[in-house]
Structure formats: C-alpha cells, structure tokens
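Colleague: Copied straight from TrEMBL:
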DOMAIN    73-539  domain 'Amidase'
ACT_SITE  Lys119  active site, charge relay system
BINDING   Leu168, Ser194, Val215, Gly216, Gly217, Ser218  substrate binding site
ACT_SITE  Ser194  active site, charge relay system
ACT_SITE  Ser218  active site, acyl-ester intermediate
Amino acid sequence: LLLRWRRRRALWRKVAEAQERQERSLVRMEAAARRFREQHPSVNVVSILSLPLPELSKKLRDGSLPPDHVFYAYVGKALQIATETNCITEFLQESETQLRKAKLMEKRGLLYGVPVSIKDSIDCQGHDSTLGFIKNLNKPAAEDSVVVQVLKRQGAIPFVKTNVPQSLISYDCKNLIFGQTCNPLLYTRTPGGSSGGEGALVGGGGSILGIGTDVGGSLRFPAAFCGICAIKPTGNRLSKRGIMAGVTGQKAVAAAVGPLAKDVESLALCLRALLSEDMFSLDGTVPPLPFNEEVYSSTKPLRIGYYETDFFTMPSPAMRRAVRQTKQLLEEAGHTLVPFELTNVDYVMFNYCVRGMFADGGSSFVKKFKGEMEKGGTQMFFWLAKAPHWLKTLLSWIAKPFVPRFSSIVRGMKENTVDEVWSLHHEIEDFCHQFIAQWKKLNLDVMLCPMLGPALGIGYPAKLSVAVSYTMLYNALDFPAGVVPVTLATDEDEEQLKGYKGYYQDWWDRTLAKAFRGSVGMPVAVQCVALPWQEELCLRFMKEVETL
C-alpha cells in the first residue's frame, strides 16, 4: 500500500508539472501578444483574423502583410479560445524563432508565414506527444514528424499543440493531464475527438489551419461538431512517420493524417503544400502523387450516390434533413443523384472494426494503460480486453438475445490466431472490392453520406462507442472522406427527436436520443466520400456542397 501510495504521488507530481507547463505556455502567449500590441498599436487584428487562408497566404507571399502581424494576431486569438475551451496543451516557443527566420526566407512556400496548430499525437521536436498518458510526459520527440517538416519547408509556422482524449480511442476530448476540452460554440457540448483540441481551436477562430489524425472519425467528428471542414485522406496519401497511434501496428482499420480549416479551399491549399517533393523525398513509402489541379477545378456535373441512413445508427432528424436538403440543392445545380444501398454495416463494425483493432484480444491496448491512474472514456473496451476468453464467450452468449450489439462487441474482442488475422485482412480486402464494384455499377463519381450530429453533450461519447458507424466505415474501406457543415439544428428537429427510437431500441439507442437533445442552433454536417487516392475529387465535391 505504501509503495502504491508513493507511486501515485509521483504520478500526480508529473501531472501537476505538466499542468504548470501548460499554464506557463498560456502566460508566454499572453506576454507575446501584449508585447506585439504595445509595439504595433495600429495593426488591425480583426481584419487579419477575418481573412480566409487562400487570401491570407497570398498577402503573406506577396509581402503586403508581414508574417509577424499574422502570427501575433493568431497567438492572441488562440489564447482567448484556449482560455474558453481548454484546447491548447503547449505553446511551441521556437515558433517565434522560426518567425524571425521566415522573414529572411528567399523561397516562399505555399504556406509562408501561416501559423498552424498541431494535434498532441504528432511529433514536434523537443515536445511531448502524450496521447493523454502520464507515462508519455517528459519524453520529448527527437525530431519533427514528416508532416511537420514539410509544413516548415513550405514556410508554415507550427505554434501550438492541442488536446486529445486519453489513448485517442474516443470521440470526446478529455484526459487526466490536461482535462476536458469544450466545444467553442456551446461549452456543455463535446468538441469531438480525438482531434478535439484542433476542432475547438480552429472552430473558435484561434487557428486558421490545424493538422490532426483519424482512425474512426477523429478528424471528422471535431469538424462536424465545431462547424468547420476537414478531410481524412486515403491512409497513405500523407506520411504518418513520427505520428503516435492509439493502437499501434493494426492494419484492419486505416489511420490517416489530414487538415482541418474553416473552408474547403483552405484544405485544398494545405494538401497542395503537403503533396510536394518534400513529402515524397522525406518518406519514400508515400506514393509520389502531386495535387491534381485539373480534377479539383473541374466543373463537369457529378454523378453522386447518396444514402440517409446506414441502418445501424439511426440518424437524428437534423442529420436526415442535412442529407435531403444537400441532395436537392445538388440536383438543382445539375448533378445526378443516385440512391446507394448500404448493407451489413453491423457486420463491418463488429467483425472488421472492433475485431480488427483488438485482434489480440485487446492486450496491447491494455498495456498502454499500465501504470495510469485513469482509463479515460474507454472503460468498456478496457474491461472487456482484460476479461478472460471463457468469460467473453459466456457474456456474448448470455447477452445475444437481449443486447445483440453488446454480444457482438464482446465476440469481436476475443484473441485471434495469426491465421484468423490474415483471414480477416483478406475478408476486408474482399469487402472493399465488392463496395467498389457496387460503386462502379452505378457509375458514381462520389458519395453523399450522413455525418453524426449535432454535437453530443460532454461525456456522452464514452457511453456511445457504437455511434461511430458513419465515419468508421470509410476507415475500414480506406476511402478519402471529408465533412462540410450545411445547416443548423432547428426547433423542429428537436421536436422530432421525441420520436427517436433507434434500430435496436437498446440502451445505446436511448442514450443517443438523450445525447442529441438541446442542440438547437448547433451545426450539422454531411460527409463527402470518393474512391481511394481521389482526394482532389473529394475536395471538389466538398467545394460544390459548401458553395450550394
């Protein structure tokens, strides 16, 4: 007991030190922003912050806007949003040195002078990538991740790191070290996760461009919940070197790194900059596919598949309305919309996603929590992963008639042999080919899909792991998928929620109905999807939706 008490005290000391560092970071940001204001009282910060990224970057490159004006405008705004939402974990002090060097740069990259926020799990030299784990504190990265290196070569200035949920396997944003991040639009709502700090900061206007990761919706949830745009590219379109994963080594559900921004044009500019010779030379495993301008700027009418539900997670009235209204606007603009029939999403969720991510029975997941004082929003997975095989089998059998979804999750958490894992990967490949065959049979260019929303109340994602079906499908398939906010939740949506039952009418469905309530005025997005390696077409479709 004495040893345990001493260990816990040591852990709490590490947490307290990290929180003090976070506090010092905010104090430094405040001092830097104040110093700049005193030295340059005539700078119009409001007009700088109102510029969209393409216009801002153009002014920075042609010299009509000094980089320090932009940098300190965003440092001041980021500080305000961090105070309101608790989204920043660390100010990257070397960004001020980089800013001074940027002024001397002869070759001005596409993101010259643009301040960029970086998710906690993406390595920045000299800084921790904690994933919300105490054990990862005081272990600074030896070098920048490839994505951060490319951003810097393109002239961007990474200036803050942002908060994540513990382990990243959550779409809320809370950990024991830095606490809960709130939604900038309504503080009682989650900003989404696991790139929740990015969603809150970009959504609140404290960053013009953020970089996050996505293994089940971790870019798309924060974007949808905070009313901004994001794209999850095909898993290997951008380098993942130097990026920490929630479940390391699993190949069943493809992870990806991607940008978040206020508009689609900003995402396109970011991908233009990242898909450069710098990326391809720093990571030889990334296919050398530069950004395809011709596809992105095309105006030919699109043939668009669509569905309103996946028959697994019943859409909220606002989600259904968002898809219907977008479909109507696209048809009026001359595009062709074709119904797409989704089947077996329950099988995909339990047999590909849950089983694929926890193919070792969850033992590597459990190891990550060894020595931690809290299990974050993943208690159910943690408990199941620790349960012996016979108990999982028994639980699954008992629960099947009463709670079929829980039974399937328990069954998906059993330990697999190597042969079974290989068979699973083969099955996922087959599923992907079948999905593409159905897509090609309908001669589709892109797909319009629902996106979970409006934002759930804080704490609800931990109880609703099953509600990731709309996003996680496209990680299992490894298709590029982006989100665009299209409407706001209305009083009528709220009224219709009273009749929300769900497809299974189980505890999860009842909880989801409660989680959606009280969201009038919150943004609701749609998901735009394309085939693998067609990020430019996905962005072109997103741009069309955004414009309409």
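Positions of Cβ are set from backbone N, Cα and C atoms, glycine also.
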Colleague: Among Leu168, Ser194, Val215, Gly216, Gly217, Ser218, which the record lists as binding substrate, how far apart in Å are the two most distant Cα atoms?
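Modeller: Max span of the substrate binding residues, Cα based, is 11 Å.
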Colleague: Measuring Cα to Cα, tell me the gap between Ser194 (substrate binding site) and Lys119 (active site, charge relay system) in whole angstrom.
Modeller: 9
Colleague: Could you check the binding-site residues Leu168, Val215 and say which one's CB has the fewest neighbouring CB atoms inside 10 Å?
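Modeller: Looking at the binding-site residues Leu168, Val215, the Cβ with the fewest others within 10 Å is that of Val215.
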Colleague: Starting from each candidate's C-beta and looking 10 angstroms out, tell me which of the binding-site residues Gly216, Gly217 has the most other C-beta atoms.
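Modeller: Highest number of other Cβ atoms within 10 Å: Gly217.
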Colleague: If one measures from the C-alpha of Ser218 (substrate binding site) to the C-alpha of Lys119 (active site, charge relay system), what distance in angstrom results, rounded to a whole number?
Modeller: 11
Colleague: Within the chain of Lys119 (active site, charge relay system), which residues six or more apart in sequence place their C-beta under 8 angstroms from its C-beta?
Modeller: Lys161, Thr162, Val164, Ser194, Ser195, Gly197, Glu198, Gly210, Ile211, Gly212, Thr213
Colleague: Counting across all protein chains shown, how many other Cβ atoms sit within 10 Å of the Cβ of Ser194 (substrate binding site)?
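Modeller: There are 35 of them.
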Colleague: Along the domain 'Amidase' (73-539), what average pLDDT does this model show?
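Modeller: Looking only at the domain 'Amidase' (73-539), pLDDT averages out to 96.
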Colleague: 10 Å Cβ neighbour count around Ser218 (substrate binding site)?
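Modeller: That number is 34.
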Colleague: Compute the centroid of the Cβ atoms of Leu168, Ser194, Val215, Gly216, Gly217, Ser218, then list the same-chain residues not in that set whose Cβ lies within 8 Å of it, in sequence order, for the substrate site.
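Modeller: Surrounding the site, in chain order, are Ile169, Ser170, Tyr171, Gly193, Ser195, Thr213, Asp214, Leu219, Phe221, Gly246, Ala255.
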